[in-house]
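Q: I'd like to ask some things about the structure below.
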Amino acid sequence: MNVTVTVYDKNVKYRLEENIKNNKGPSNDDQPAYNNESKSTDGSDYAMFPTNIKYIFEDNNDELVDSSDAALTAGIDKVGDELENVIIVQLDESGSLEDITLISDQYELLSHRTNSLSLEENQMRTLSSHGDDKSNDEEEELSVDSDRFRVDSDIELDVISQFCDLSPFLRDLSLNDLIKLYVTQNEQLQMLSNSV
């Protein structure tokens, strides 16, 4: 099973920084600029790809889970490493997302999305990629093993980083743009308070 995790920081400061870097204010054509529903395609998100994965474990219900400090920090060098942000992804046996948790002092989880290929789509993709290797004259059948027919999941997290002073970015914004900005921040705060 392949799991890809992408984290999008929805903090409005990134959109404001982009506007200043491009030496332009938000235009009327740029409607989703401060919209909470905007995706990375409009450039309003700061995308991060977690790569410092220390350990992955499977919880087997038949075994006693070791919850000691040594087990929970396996693979972490006490002197050189310090965990800053932890994303816990719980998948069931079929690879479907059961739960996701973000433990962080710098970020709060707003929402998450999954985009999983079904088993049939994975099988078709695998068969078509291996189809060139087999000739039609051979009567061999492709065996179904767990390595070749796995479920691939893309998990996207929308997070919000700590609010910061935006006053240097706000000087050239119109009243309409300021209203959109504060509406977006209020929606984000409402999502956070609803999750508590």
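Cβ atoms are placed via backbone N, Cα and C, with glycine included.
Straight out of Swiss-Prot:
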type	residues	note
COMPBIAS	22-43	compositional bias 'Polar residues'
COMPBIAS	120-129	compositional bias 'Polar residues'
COMPBIAS	135-144	compositional bias 'Acidic residues'
MOD_RES	SER38	phosphoserine
MOD_RES	SER40	phosphoserine
MOD_RES	THR41	phosphothreonine
MOD_RES	SER44	phosphoserine
MOD_RES	SER116	phosphoserine
MOD_RES	SER135	phosphoserine
MOD_RES	SER143	phosphoserine
MOD_RES	SER146	phosphoserine
MOD_RES	SER153	phosphoserine
MOD_RES	SER174	phosphoserine
MOD_RES	SER195	phosphoserine
REGION	20-45	region 'Disordered'
REGION	120-145	region 'Disordered'
Q: Return the residue, from the listed modified residues SER153, SER174, SER195, with the maximum count of other C-beta atoms within 10 angstroms of its C-beta.
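A: Max Cβ neighbours within 10 Å, all protein chains included: SER153.
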Q: For the C-alpha pair, I'd like the distance in angstrom between SER174 (phosphoserine) and SER195 (phosphoserine), rounded off.
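A: Cα to Cα, SER174 (phosphoserine) and SER195 (phosphoserine) are separated by 32 Å.
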Q: Give the distance between the Cα atoms of SER153 (phosphoserine) and SER195 (phosphoserine), rounded to the nearest whole Å.
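A: Cα to Cα, SER153 (phosphoserine) and SER195 (phosphoserine) are separated by 24 Å.
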